[in-house]
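So the structure is just underneath, and the comments pick up after that.
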């Protein structure tokens, strides 16, 4: 190692960065956690009280115990070795996982509503909200529920009402640049938080549309529910702010937390701000719904995979947006796109991007064929429609002066429609090959592109390619995602800075608030249910999805498509509480010292016997096995009767030929509501393929309680 390299590494080690110091449950016997945090810094790294106070950037004292501090790498290591410290990890930047959807799920305007719905509060951790949107009008709403303990930070002309009952924002100048156009208040300058909030709980707004596309009534899943806003995202969404939002939301009294963001790293549960926050939310009877991530279709890309989180994949609804290109030879091709304007039938010269390389910049024809920004020769492209070999934003053709573009996709029939900077149509490779042949053979090739229209998609629902896939990268025997919800081309409220009050966007960010709204809907009918019971109801009543349209089967869609109406009355639920999760964490190898800090009690893994991850009373099952080798596993489950008293449920198993699944007993008889019954599941066989799908259904003739079971192998 030379001196320059050594100096660089030493400098990096001495640099201070924002770290989260997580200390677990808030202790009851300590009155001043602020003093405790300063004292910890003094004892660990020898800081004076004044220096320690300067280093402390944020304290978490309402719902759990911890702080954010400026630390060097070495100081962080010292703190992490202390017995009272659960974990120390950098405050990283998370990313946002960016109408008809509720009708498609069966939850239309005529669906039954519980009077208690107006007492349900959904906490939205996101980019803020645009309070003046019609989706958040509070006409007819009474005052906030008495349980509400939050505030409305009315900085910079932001006001709450009886629909948006609380709003906070977090920006502590810790490695965060608010960026041009950002507003230091809970107001949403981006649009994402407004979109997710209105999807979860917006009131019905008739005649909503995006430039005449997707016209209809825009409505959230729980339109009478209240909204509490926690703005954590600016140019980035940092862990230090995310934990502050959880700390406040739990103390404020929300019932559901919806968070449509995540990172890329595979993290230990207690080094993950969303897993930590949602764990403490669960302890206070609050369900956290979160997006699965937009890193699909590769396997094990799933985010927000903690078992106490409802993890939501993105699926389609029965509407897609198509545009059409007409060629000079009279042929027409239809493809996916969201064009708010077209070329009005005017035929323009058509050129292949590979025939127009920006030679002065040294661009090759193979690169210019993609139509990436800066690759096209403006003299050759100006005033023409460009044929491109890839799907891109359209900035390349637009900057080169093109009037439109035809782009090639490899997604086949299961792709998504995109917004572009100019009229575009996206086609499969067979169609673009025909068009390229036309360009090469014609002396004067021409084309026009139409405005988009919405059409019926008979293939829906299917999971879109960008939605992150399982299996769970941390706990292999917990199935993730839990379920799928609409997340493709969703119309919802937006910030008016774009000139539009409503926008159509896609992402697991859009799927998450569908599940959050559904969870609020279920809770409105069942206000005493635990987070696990609500989650179980959503999972076991999900609509089964087609494996032929989703090659990754349950690792794409979990239990299937969200079905809110059925989830209100699921028949049976698989319930869980903090102690059950602690047993699972013991089985995962977490130590007693850390778990005692997390729980705030005398939890001891030494007292937990025969604990396994498979033993967690989860409503679905994932089982990692070795390819071609016989396996046999048994585990217990317990169900609670929430359907009818004096009911009898019979088990039905569906499994591939090489897998044998048995249940003992096969019949469960209940005499009363809330009565619990246990049973043992035994799975044995040989995994002949990478994924085997099976299911267990308990049915009394009225309710069908379905648990997906997945056996899978990993490549060695």
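For all residues, glycine too, the Cβ spot is worked out from N, Cα and C.
Here is what TrEMBL records for this protein:
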- 126: active site, charge relay system (ACT_SITE)
- 192: active site, charge relay system (ACT_SITE)
- 509: active site, charge relay system (ACT_SITE)
- 18-97: domain 'Inhibitor I9' (DOMAIN)
- 118-560: domain 'Peptidase S8/S53' (DOMAIN)
- 616-710: domain 'Subtilisin-like protease fibronectin type-III' (DOMAIN)
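Locations of recorded TrEMBL features on the structure.
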residue: 126; record: active site, charge relay system; DSSP (3 states): strand
residue: 192; record: active site, charge relay system; DSSP (3 states): helix
residue: 509; record: active site, charge relay system; DSSP (3 states): helix
A correct count of other C-beta atoms within 10 Å of the C-beta of residue 509 (active site, charge relay system) gives 31
Treating G and I as helix alongside H, and B as strand alongside E, what does DSSP give for the domain 'Subtilisin-like protease fibronectin type-III' (616-710) in helix, strand and coil? 0 helix, 63 strand, 32 coil
Averaged pLDDT score, the domain 'Subtilisin-like protease fibronectin type-III' (616-710): 97
The correct DSSP tally for the domain 'Inhibitor I9' (18-97) reads 28 helix, 27 strand, 25 coil
If one measures from the C-alpha of residue 192 (active site, charge relay system) to the C-alpha of residue 126 (active site, charge relay system), what distance in angstrom results, rounded to a whole number? 7
Within 10 angstroms of the C-beta of residue 192 (active site, charge relay system), the count of other C-beta atoms across all shown chains comes to 24
Rounding to whole Å, the Cα atoms of residue 126 (active site, charge relay system) and residue 509 (active site, charge relay system) are apart by 10
Counting across all protein chains shown, how many other Cβ atoms sit within 10 Å of the Cβ of residue 126 (active site, charge relay system)? 29
